[in-house]
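These features come from TrEMBL:
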type	residues	note
BINDING	91	Fe cation binding site
BINDING	97, 100, 137, 140	Zn(2+) binding site
């Protein structure tokens with residue numbers, strides 16, 4: 001398996017883009033992250049480490065990292081995008097509490113079977129999919145959290 005740096009270097013070379021110190025710093029930080037992040041939290045982490053990276057550089061780099069398969073977008077319905085590092089990690093999905101906002105990651109082997117069946121049935125080569133299940137966690141239900149039948 002190629003390293004993230006090799007994947008990204010190949011990606012930018014094929015598109016005639018430049019390998020910049022800012023992109024390298026952003027990639028290093030993303031590679032270390034094991035939790036969801038947004039641009040603001042990534043910017044603050046880099047700033048705390050003394051990195052000279054602007055938010056604009058992060059906003060410009062994020063689509064490149066998504067397109068080459070290093071990260072993916074995650075919509076937690078809170079008004080802005082979150083991202084997660086996916087390269088080299090097994091596929092997982094999200095369970096989000098509508099009360100407290102807690103996000104749990106889960107793996108469901110039956111979904112891999114559905115993915116395989118869909119690929120066979122429709123002739124697709126499936127690259128990825130996203131599943132986000134929303135509801136109320138036990139703590140919110142116990143505290144009288146609302147239920148929504150939608």
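In case you wondered, yes, glycine gets a Cβ from its N, Cα and C as well.
Features recorded in TrEMBL, as mapped to the structure shown.
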| residue | record | Cβ contacts under 8 Å, 6 or more apart |
| --- | --- | --- |
| 91 | Fe cation binding site | 107, 112, 128 |
| 97 | Zn(2+) binding site | 103, 134, 135, 136, 137, 140 |
| 100 | Zn(2+) binding site | 137, 139, 140 |
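The DSSP secondary structure for residue 100 (Zn(2+) binding site) is coil. The Cβ neighbour count for residue 140 (Zn(2+) binding site), using a 10 Å radius over every protein chain in view, is 18. Cβ neighbour count for residue 137 (Zn(2+) binding site): 18 (other Cβ atoms within 10 Å of its Cβ, all protein chains included).
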